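Single-structure report; data block below.
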Amino acid sequence: MENILDLWNQALAQIEKKLSKPSFETWMKSTKAHSLQGDTLTITAPNEFARDWLESRYLHLIADTIYELTGEELSIKFVIPQNQDVEDFMPKPQVKKAVKEDTSDFPQNMLNPKYTFDTFVIGSGNRFAHAASLAVAEAPAKAYNPLFIYGGVGLGKTHLMHAIGHYVIDHNPSAKVVYLSSEKFTNEFINSIRDNKAVDFRNRYRNVDVLLIDDIQFLAGKEQTQEEFFHTFNTLHEESKQIVISSDRPPKEIPTLEDRLRSRFEWGLITDITPPDLETRIAILRKKAKAEGLDIPNEVMLYIANQIDSNIRELEGALIRVVAYSSLINKDINADLAAEALKDIIPSSKPKVITIKEIQRVVGQQFNIKLEDFKAKKRTKSVAFPRQIAMYLSREMTDSSLPKIGEEFGGRDHTTVIHAHEKISKLLADDEQLQQHVKEIKEQLK
């Protein structure tokens with residue numbers, strides 16, 4: 001069969017004729033041919049959402065198109081690239097190789113062209129890690145060696161490591177830069193023993209200028225691999241070569257990691273990355289939208305940033321999902337559409353933040369009184385009773401202190417709040433009508 005890349009490009013050209021432009025641009029354009037093994041053609045999708053959609057909607061179309069081109073019935077399989085942050089639906093630019101082509105005995109690792117210092121969004125949670133990474137890139141083995149970056153999944157550790165690699169190569173094209181995961185290091189080490197090529201393996205990783213090794217926690221419990229990496233580390237460090245390491249936790253918390261490795265990781269600088277704050281999340285979304293030429297309303301970016309606060313990967317994935325959903329149903333992007341698109345991925349356990357003002361608003365609607373009446377000095381039953389219910393609910397449904405609640409009700413004393421809470425609690429024990437009123441108010445608030 002012809003070259004797999006050529007085949008897939010031909011298939012895409014045919015599929016483009018069969019789909020609407022929005023559907024093709026959204027779902028097909030970002031796919032890549034991965035491999036052909038036996039009668040199974042494997043295609044990469046940018047993320048889980050795209051993979052699931054392709055499998056459910058376009059599997060037969062793709063298989064039929066391949067058959068038309070080759071006369072062969074192939075099974076189609078979709079995968080997501082491993083160790084890669086959320087990608088978008090746009091075609092990827094040519095990747096930059098981390099080493100020059102003429103070094104044939106050197107590992108041909110690739111750096112993600114999107115992971116540069118220019119595309120990294122700086123916030124309070126990553127500012128120090130970014131500064132340290134830039135310092136290392138500007139002066140390899142002279143600033144911090146090793147540089148150890150740790151933090152949760154999808155927070156930008158890999159981005160910074162690739163950015164260091166790009167910067168070094170851009171300023172010194174002859175530099176030998178290698179990026180790999182510790183899992184790949186382990187697998188290659190095992191294969192070198194099996195194939196009796198241990199010397200080749202050592203030469204490959206001990207003759208570099210910059211070694212960027214991701215997810216070092218994977219070495220935990222692997223004694224022989226730790227032994228090999230220990231000597232690799234020593235060789236590079238003694239020859240003033242830069243080492244950058246990432247992990248999901250600090251060295252002292254990696255289980256079954258040899259003390260001698262742990263101590264060496266602590267020779268240089270250890271810095272963490274924490275989840276981005278709201279302002280940083282919004283900035284990340286804006287930069288992503290601008291890079292892809294997307295016009296996303298501010299209210300939508302604020303909504304996504306408020307809902308997704310765990311990591312950058314999920315944040316960008318949510319934006320992709322909203323854009324894709326908008327394209328599919330052919331509607332403009334707004335906050336309501338974003339809520340609909342993300343309803344399946346926003347944690348249902350995430351509690352809504354209920355405020356005293358919101359309680360006053362809902363109680364006011366139930367009893368037909370104005371918001372200002374809650375703070376007024378009126379003592380008529382038509383106002384005082386709803387006010388007491390609102391105080392009761394403020395005590396039950398918010399974390400506000402008694403003085404704070406009193407302040408929100410016209411500067412009343414905290415003893416007034418206590419009295420209101422006790423009174424409504426007693427009435428609720430016997431008054432079914434009041435029970436129903438309070439139940440309805442709580443349901444509206446939730």
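Just so you know, glycine gets a Cβ as well, placed from its N, Cα and C.
Record note: Swiss-Prot gives Asp214, Asp215 as Mg(2+)-binding, and the candidate from Thr158, Thr271, Thr274 in that site is Thr158.
Looking at 182-206, 357-381, 407-431, the stretch flagged in Swiss-Prot as motif 'Initiator specific motif (ISM)' turns out to be 182-206.
Taking a C-beta cut-off of under 8 Å and a sequence gap of six or more, Gly156 (ATP binding site) has these contacts in its own chain: Phe120, Asn126, Ala129, Ile273, Ile312.
Nonlocal intrachain contacts for the region 'linker' (333-346), taken as residues 6+ away from its ends with a CB within less than 8 angstroms of a stretch CB, comprise 296-297, 299-300, 303-304, 307-308, 314, 318, 321-326. There are 23 other Cβ atoms within 10 Å of the Cβ belonging to Thr158 (ATP binding site). Cβ neighbour count for Asp214 (Mg(2+) binding site) (all protein chains, 10 Å cutoff from its Cβ): 22. Under DSSP, residues within the region 'linker' (333-346) fall into helix, strand and coil as 8 helix, 0 strand, 6 coil.
Restricting the binding-site residues Gly154, Leu155, Lys157, Thr158 to those with a CA within 10 Å of the CA of Asp214 (Mg(2+) binding site) leaves Lys157, Thr158, listed by sequence position.
Of the listed binding-site residues, namely Lys157, Asp215, the sparsest Cβ surroundings within 10 Å are found at Asp215.
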